[in-house]
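Reviewing the structure listed below.
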Amino acid sequence: MTTAPSLVPVTTPSQHGAGVPHLGIDPFALDYFADPYPEQETLREAGPVVYLDKWNVYGVARYAEVYAVLNDPLTFCSSRGVGLSDFKKEKPWRPPSLILEADPPAHTRTRAVLSKVLSPATMKRLRDGFAAAADAKIDELLARGGNIDAIADLAEAYPLSVFPDAMGLKQEGRENLLPYAGLVFNAFGPPNELRQSAIERSAPHQAYVAEQCQRPNLAPGGFGACIHAFSDTGEITPEEAPLLVRSLLSAGLDTTVNGIAAAVYCLARFPDEFARLRADPSLARNAFEEAVRFESPVQTFFRTTTRDVELAGATIGEGEKVLMFLGSANRDPRRWDDPDRYDITRKTSGHVGFGSGVHMCVGQLVARLEGEVVLAALARKVAAIEIAGPLKRRFNNTLRGLESLPIQLTPA
C-alpha cells in the first residue's frame, strides 16, 4: 500500500523546479507515445515530483502523488485548463468545459446534473439493449469469417451503434464524433504537430458538435434532451445546457472506444486470461477495468496550482502546471503487485484510468457498461482471439490507443 504524500501550504514560492530532479523526457514526443513504459519508470524512480525542462512543468508519475493531486481540486485546479495551456494567460481554443475545466463549487452544480442524467438507474434501463447490440455485433463479425480490424469493426463500430442513439443524435454526421474527441484530447498537449493539425482540420467537426448540442436537434428521451430539461427547472441555464451536452459527446465516446480496444488487445495478447473469462463470463466487468488500468487509454492530464504548496517534500509555487501521469500511476509497483501483468481477477479498485475524485470521468458508467457487455459477448461466443497482422498506433497528446488491430475471431 502507498502512504499519502505530505501536502502542506508554504509561505515562500519556489523557483521553477528548485529542489526536484530535472528531466529531459518529452511525454509528447512520438517515440515516447510508441513505448512510454521505460520513460515512465525513469519518471517514477527519479522522485515523487520531477520537473520537465522541455515544457517547464512539474510532473508526478507515482500513484500516491497522482492520487493526491487528483483529490485536492482546491489546490490543483482545473479551471485554468487541464492541458498545457494556462487559461489565465492564454485564450482557450474553445469555450471551456463546464465539467472538465471547472472547479467546485461551479463544477459541483453542473456535475450534479450529469450525474442525474447518467445515473445507475439509467444504466440499468439501457443494459438489456446495449447487451443485445453487443451480441448482434459479435454474431455479425463471426458471420463475416471473424477476420476483422478490432478497432474499426468493433471498438469503434459498437459504441457508435449505441451511444449516439442514447444521446438522441440524428443519424447524419455521426462520423464527426470520433475526430472531434481526438481533437479535444490532442488540444490538451503542447503546440506540436498533433495539436496544430487537429485544430486546423477541426472546423467541420466543431460545427457538427455545436449544432447537435442544440435542443431542437436532440431526440426526446435521450441524454441530450434530459440535460436540456434541467434548464427548465433552473438547475442549469439554457446557455449551459449545450456545453454539458458537448462534454458528454466526447467523454461518453472516446473513453469507451479506447477502453474496448485496450481490452480486446489485452485478451488477444494474453490467451490464458481470455480462457479464464470464457470459463467465467461474470469477470467481464473486471476484465474491462483491468484493461483500463493496464493500458490507461487516458495517459495524462494537467492541473494548475492555486497557491504555493509542498507536495511530497517538493515546494511548488502558485500558478505552476503539474502534469499527472495516469498511465504511470496505474503501473506503479508501489501500489500494484506485478503491475506489468494483465490479470482479470486483480482487485482494480483505485486505478486512475478514469481519474479520481470530483473530476472522475463523467462517461465512466457508459464506458463500463459497454465494455462489460462486449467482453461478455466475446466470452460466450468466441473460442479464441488471435492477432492476425501488425498493429498500428494512433498517436494523440493525451490518449493511448490503436488505429488498427487485425485479429481473427474463432467461433465457440
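First residue shown is number 1, and so on along the chain.
Here the Cβ of each residue, glycine as well, is placed from N, Cα and C on the backbone.
Positions annotated as substrate binding site by Swiss-Prot: Arg94, Pro95, Pro96, Ser97, Ser247. Under the DSSP three-state reduction, Pro96 (substrate binding site) is assigned to coil, being neither helix nor strand. Pro96 (substrate binding site) counts 17 other C-beta atoms within 10 Å of its own C-beta, drawing on all protein chains shown.
Of all the Cβ atoms in the protein chains shown, 21 others lie within 10 Å of the Cβ of Cys361 (heme binding site). The feature heme binding site is assigned by Swiss-Prot to Cys361, with experimental evidence given as support.
Neighbour density for Arg94 (substrate binding site): within 10 A of its CB lie 17 other CB atoms from the protein chains shown. Shown in sequence order, Pro92, Leu98, Leu100, Glu101, Leu243, Arg246 are the same-chain residues outside Arg94, Pro95, Pro96, Ser97, Ser247 whose Cβ sits within 8 Å of the Cβ centre of the substrate site. Between the C-alpha atoms of Pro95 (substrate binding site) and Cys361 (heme binding site), the distance comes to 19 Å.
In sequence order, Ser97, Leu98, Ile99, Leu100, Leu114, Val362 are the residues of the chain that are 6 or more apart from Ser247 (substrate binding site) and have a CB within less than 8 Å of its CB. Other C-beta atoms found within 10 angstroms of the C-beta of Ser97 (substrate binding site) number 23, with every protein chain shown included.
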